[in-house]
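Copied over from TrEMBL, here are the features:
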- 1-19: compositional bias 'Polar residues' (COMPBIAS)
- 749-766: compositional bias 'Polar residues' (COMPBIAS)
- 1153-1163: compositional bias 'Polar residues' (COMPBIAS)
- 1164-1173: compositional bias 'Basic residues' (COMPBIAS)
- 54-89: domain 'EF-hand' (DOMAIN)
- 90-125: domain 'EF-hand' (DOMAIN)
- 1-46: region 'Disordered' (REGION)
- 721-802: region 'Disordered' (REGION)
- 1153-1173: region 'Disordered' (REGION)
- 393-418: repeat 'WD' (REPEAT)
- 429-470: repeat 'WD' (REPEAT)
- 519-560: repeat 'WD' (REPEAT)
- 571-605: repeat 'WD' (REPEAT)
- 853-886: repeat 'WD' (REPEAT)
- 951-984: repeat 'WD' (REPEAT)
Amino acid sequence: MGSVSINDISNTETCSSTDGVRHKNNGAQQHASESSDEGEKRGQGRVEEQINNEHLRRIEAMFHEADTDGGGGLDMEEFREAMKKIMGKVEDEDVDIIFMKVDTNCDGSVDWDEYLNYMLLEYREKDSLQKQNRPLYFPKPLKVVPVAHCEPIVRIQFHPFQSLQADKKGGNAPKTRMQLGRYLTVSRDGILNYWSERFKLTRTINLDQLKHTQLTSHPQQIWVTDMICLSNLNLLALATTGRDVEFFDISANKCDLVFSLTGLEGYVAVMDYWSDGTKGVFCAGDVDGAISVFISHNVVQNGLFNSGAIKSIKPGGRTRLAVPALFKNTSNYYLCFKVTLHNTWCHQIRFLPELNAVATCCTSDQTAMVLTSIPHSHKAKVNNSAFQLRKGILCFDYSAEFNIIVTGGFDRIVRVWNPYVTNCATSQMKGHSTAVTFISVNGQINKIISISKDKNVRVWDLQDCACLQNIHSRNMPMGRFPIYSMHYNPDKHTLVMGTFVIGVLHGVVDDVDSLDKLKTSHENSLCTALYNCNFKQVVSGCHNGVVSVWDILTGDKVMQFQTSPEKAVEVTAMSFDGPKRRLITGSKDGMIRLWNFNNGALLLTLPLLEENEVTGILYINQRIYVSGWSKKVMWYLDVKEDMEMECRVWNQYHTEDIFSMHAHGNKMLVTASYSGDIIVWNIDSGRAFFRFNAFESPRPLMPNRVIDLSQSLEACKDSESCSSVLSRTSDEDEDETEGPEGHNETHSHTSSPQANWTSSKQTEVTQEIKEDVENNMSSNSARPKSKEKKAKPAPIGAEELERPRLAVEKALFLGTRERSPDTAILLTSAADGYIYAWSIHHQGGLLGKFKAVHGDSTSISSMSTDLHNQMLLTGDSQGYIMLWNIGKYCYCMQGGQESLCQQPGDINLPSLIPKYCNLEGPRRIVTQDASKQVIDGWTVSLVPPPLLSSWRCHVKSIVSLEYVERFCLIVTASLDCNVRLWTIAGGYVGTFGQAPWRVGYPNAFPWDLPLDLRRVGSSQTLKVLNQGRRPHWNCARRILHALTVQRQQASMSSAADNLQELVATDPRIAKYTDEQIEQTWEKWAMKGKQKSSILGETYRQKIRHHLPTCPPDLQSSFSSREQLRVYKAMPCTALLPIIQPPEPNLIKEQLQKTQEGADNTKNTRQKSLARRAPRRFLGASRELCKKITIVQCLQSSHITP
């Protein structure tokens, strides 16, 4: 119980609904001060981190003691007093947050079981969230580098470029995180390759063909067993099966044999070298289980080996050092010894300077790994410490940070050992299915990397002993052979593996900011994002069914859960309940679920009424209203667990899918569909009393009841029940003319032709439905059971093709406005990019419309307003956001003029937007010439509201945006998988899931803009995001505008005059006089008249073809949306017509003779075709070929025969 952590007291601070009303009337300066105070509270530490096991016991006791009324639980006052007694001085707001999170059913009391259950669920979900959000150590796929090898790569080494000053001083070389160098690989047949850091091959050396090597003198093929790089000496040691160790000089870019160690009893299998700049240790393990250690106390000055042990130096040959002579230790500057440790060959050897010992391993059970201490002199005894393990050890690595040894072997288990405890391992990690052949540990980041024989790469957490990443062998396209060599670079987090090819895995880099910029808030596209004012959290849902909870003050993710654990189902709609303590989600399969989004607990699953996608959810009057692709509106009564669920389905008035739903207080509900119909409902009675459709009429229309014929046929199988159903249908149609307050409204005052046509049309539709039901019943009874051919589908008409442009994307009520004929309280956005303002009154209708997007193929995908409806926020399908001042738009219109309506005490939000946000350039909304439009005698205003600002927030469509009143911030969610936070002035706060921020501290905001916006952002977007900076934008914009006019008009004179004016106003060009510009031009012109003093007059400077003075006149096609632009042009000349040479007379005569001979000898050739025809044809063909060749030669020389 002591490990339980409640991370919710100060992590998600609360603001009640009354607080929201209190703060919304304050100025911008007070908003900033409140944000700063809350940021300081976050920086002081979280209260829940102080809760320990003792506090939990006291809290449990206080639950029983503080229950004064004996109700079995604590109300908010009792819970507040109990927490203050235990935790000391705690803010009431922090305690109230915990109480609201636990009391999800809103019954006003919390008991101990409910509190403990909440804590356990929260701890489990946050632990799962922490595991899911762990970044992959190797985020990129394997990079395969092909190598021209006939044998596998036996060793990979990294040779860093050492500092010469460090070598001369004999001190430690300065180690940097990004140490430059090169990679060296050697194959078993002796092919040495030099690679750059990006694995570009720079040099290849065949060691067998070197002049000074004698590897080919042996009667049998010699294989390379190991290679080690002596970086500070610029030497390369190469061990082969010839029982010699060759040392090559690899300084600069050469590879020359310097000397070799000879006299070894067995050939060397593994080697290792270590140096701190002064001392050097060279170790070698052979196939007999013996190790040889060579130590030099000053390797830079004296070298690695004693020069007195030189065996022979032949003229033109190589220097050979006898190993038995080195073991005599004739010099005090060196120490050499040899000891036999294993009964089989060594698999790995390494010197551990922290332990002053040499570690070796083999496959023997008794001596799986042996630590051999380094004696202080050659006379001292060598001490050994053996580790016993069944099946032995194949590989190991040492971590100096934790003083542990990590091993792997045939038993497929990764073990962690204490160097001073040899009988058992401290921890084990299982997961490999074959033997572990390579292992490496990085103690700085607590990671272990292991590779098995089947090319399975695993990354382990050193503290939790859990597998963080598993790269399967199918993702390692390195051939069918196992991995023969491995090198891990901890400085650059790069893992290099070798078989017959090279495989490279690039790990995470140290620059965390660069990694955060590449992250997205969700893995899939967003469906919506909501702001909760109680807990100051943003809740977002994606198409993968994942819901994430973010802290708006810091950008941290506090919770994440899956709405459909069995199968990922897309979340299509979300909403909060009335107290904003529960989250309601709707999915693509029609399921409605209630969640405690603070701990991810599923509270309730509502009954499934329609298996269609849910597009809208509202919580009104203890009811949950749902709409979607079922074309109907249904509601569920929010009841407690022990009560029976009540649900109803309203009558259907939509013929297409419902796209949006919104409410005006608790009286009116509006739904908008794909067909362009907008239905206004009375919430209390569930009746539809108005229908609007901008493409049919600007006036209110009567709703048309839609009846499903299939359901009517099933209900009318009985003839007696059929009449009752039809009569009941007609009665319901007559009664459904209620107003929003619930009383019936008469529409006799509507004397317009449109209203009469609608009424008659409704009667005709009802009569047609009755006739269709009766006809279908009679036809079903008389229809035989034989199969009939299906009729071909009718072709799609123009109305069906135009229907997508009629779809209403969003519907938004202006809640602070009252119903009146001259005031618009409903805004809708259609797929054509227009926003329509409607008056919900029997004498009202469409009052105004304006185009809110730039371009024909762009539509408004989301809309939102502030609490006082002063500002309208729109987001389009291109990722742009626009802020409109709608305080006076279509409000109390009298005779086409708008009257002012200023509410005292309100903040003037448009005054908070700087002037540099004013829209300019090509994205400026062009107003129409006419200020109004008359449709069927009804006047519609075409004047748009003032546009305050616009910038691009995302690269894809914005699906949701919400204005946070308390902090003057804007939350946007898009299909580009990101949820972002912006200031009202267009300042970029951050992207949720990337670098954190602190609201109230602008200096803590990320200065770098998102990478995607920097690539595609327009000048207007960059100007807003950079707070108006960029002084040369005006000059560049004017020059581009002049060039555009030049291209359109194709007039060089006018364009030259315009450019001359721009040049005169440009401060960078105006400082030069006309004489200086003319002299510069003459200087460049004289370059074409230069002559060579050597070649004389025959010298001609190379002429560079200039581009044409004006681009060619290209006509854009009818289907193209943009005019063609010329970026490059090449000089060209018109093609000349091809003149065919005259046909020679010789060929004409020959063809004529051939034709005459063929006619005369036709009968003769038919009789003797089998005998004589081949010879004559062959002779004639040869003669004709000769003549044709002669003619071609004459034609080529232009000689007429």
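Cβ atoms are placed via backbone N, Cα and C, with glycine included.
Automatic, uncurated: that is what TrEMBL annotation is.
Worth saying up front: this structure is predicted, and the values here are computed from it rather than measured.
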Secondary structure composition of the repeat 'WD' (951-984) [DSSP: H/G/I, E/B, coil]: 0 helix, 20 strand, 14 coil
Where DSSP helix means H, G or I and strand means E or B, what are the helix, strand and coil counts for the repeat 'WD' (429-470)? 0 helix, 24 strand, 18 coil
For the repeat 'WD' (951-984), out of 393-418, 519-560, 853-886, most C-beta pairs under 8 A are with 519-560
State the non-local partners of the repeat 'WD' (429-470) in its own chain: residues 6+ outside its ends, Cβ under 8 Å from one of its Cβ atoms. 134, 136-138, 394-402, 404, 406-416, 476, 478, 482-483, 486, 488, 490, 493, 495, 497, 505
How does the model score the repeat 'WD' (393-418) in terms of mean pLDDT? 94
Per-state residue totals over the compositional bias 'Polar residues' (1153-1163) - DSSP helix, strand, coil: 10 helix, 0 strand, 1 coil
